[in-house]
């Protein structure tokens, strides 16, 4: 019985991400599209990321969120880095 309860808790935790198809994600998050839409935290330093310009018309991002403020998504490595987002 304890095993069944543990399995149920794991399943509930893995599916508890807020659906964002019709809802707005909170501060510090974005709506990332996998097989379903889920609110996810903004990407941090060295995390994989999407560029802000890559948002769909509905404001969703494919797979990864853009970087948190102060960072930009390097389109060569698709990771969040410090510095200017302009190409040099």
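Just so it is clear, glycine is given a Cβ too, placed from its N, Cα and C backbone atoms.
Within 10 Å of the C-beta of residue 20 (disulfide bond) there are 22 other C-beta atoms, taking all protein chains into account. Under DSSP, residue 20 (disulfide bond) is assigned to coil, being neither helix nor strand in the three-state scheme. Sequence annotations record features per position, and here Swiss-Prot assigns disulfide bond to 20-31 (among others) based on a curator's inference.
For 25-39 (among others), the entry in Swiss-Prot reads disulfide bond. In the three-state DSSP scheme, residue 39 (disulfide bond) falls into the strand class.
As annotated by Swiss-Prot, disulfide bond applies to 30-65 (among others), with the evidence given as a curator's inference. In this structure, residue 65 (disulfide bond) belongs to neither helix nor strand by DSSP; it is coil.
Summarising the environment of residue 49 (disulfide bond), the number of other Cβ atoms within 10 Å of its Cβ, over all protein chains shown, is 27. Sequence annotations record features per position, and here Swiss-Prot assigns disulfide bond to 49-73 (among others).
Per Swiss-Prot, the feature disulfide bond maps to 67-80 (among others); the stated evidence is a curator's inference. Residue 67 (disulfide bond) is surrounded by 24 other CB atoms, counting those within 10 A of its CB over all protein chains shown.
As annotated by Swiss-Prot, pyrrolidone carboxylic acid applies to 18.
Residues annotated as signal peptide in Swiss-Prot: 1-17.
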Rounded Cα-Cα span from residue 25 (disulfide bond) to residue 65 (disulfide bond), Å: 12
Cα distance (Å, whole number) from residue 31 (disulfide bond) to residue 25 (disulfide bond): 6
Listed disulfide-bonded residues among 20, 30, 67, 80 whose Cα sits within 10 Å of residue 49 (disulfide bond): 67, 80
Sparsest Cβ surroundings (other CB atoms within 10 Å) among the disulfide-bonded residues 30, 31, 39, 73, 80: 39
Secondary structure of residue 80 (disulfide bond) (DSSP, helix/strand/coil): strand
